[in-house]
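Accompanying notes for the structure given below.
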Amino acid sequence: MEPPSSTSHVHERNVAGPESLAAAGFFPSCAFEETPEILIEDRRWHCHVPRPEHLIRRALAACEGYGRQPGSVVLSTDRVVRVLNGQHRGKHRPTNVLTFDPPPGIPGGDVILALETVLREARQSGKSVSHHLAHLIVHGSLHLAGYDHHQAGEAREMEMLEARLLSRLHIPNPWKPRA
């Protein structure tokens, strides 16, 4: 889980290849409205998460009152996230979630998730993909709200808040070791 970058990905074009809607510049036009746009770039998300749009909206609703909501949530692939991570953070590998702050004066921001990494992490931790995805949506939203986890105290505060927000969705604390 990574900290937000300094610029929004919504306004970029041609970053990852023609198979990516994000790369083609088809990011949501309503990214500046109150209701976040959900873009599913890879249909495989539907195979692993029943009704992903509904889950995302529920996870975002759980975060209400904790800073700004994203303008868009993009369910993408490791390939797209690897390119973005390299371009914006100098790390040429995928990560589970990237967040991008919006340009000054524009509300929202972007949360982008990598399918293969999310699947692998869920499997390795013994969690359902749906629960892990909800956790990462909450995590990304908190980054956009200014929360971070670079220092031990910050990390603990963010983890406790994530657990509290996920409990609103009846999702177990992801930081508590499984028995």
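The count begins at 1 with the first shown residue.
Glycine is treated like the rest: Cβ placed from N, Cα and C.
Sequence annotations record features per position, and here TrEMBL assigns Zn(2+) binding site to His139, His143, His149.
When secondary structure is read from DSSP and collapsed to three states, His143 (Zn(2+) binding site) falls in the helix class. Neighbour count (other Cβ atoms within 10 Å of the Cβ, all protein chains): 19 for His149 (Zn(2+) binding site). A simple way to gauge crowding: the CB of His139 (Zn(2+) binding site) has 26 other CB atoms within 10 angstroms, across all the protein chains here. Look at His149 (Zn(2+) binding site): DSSP puts it in coil.
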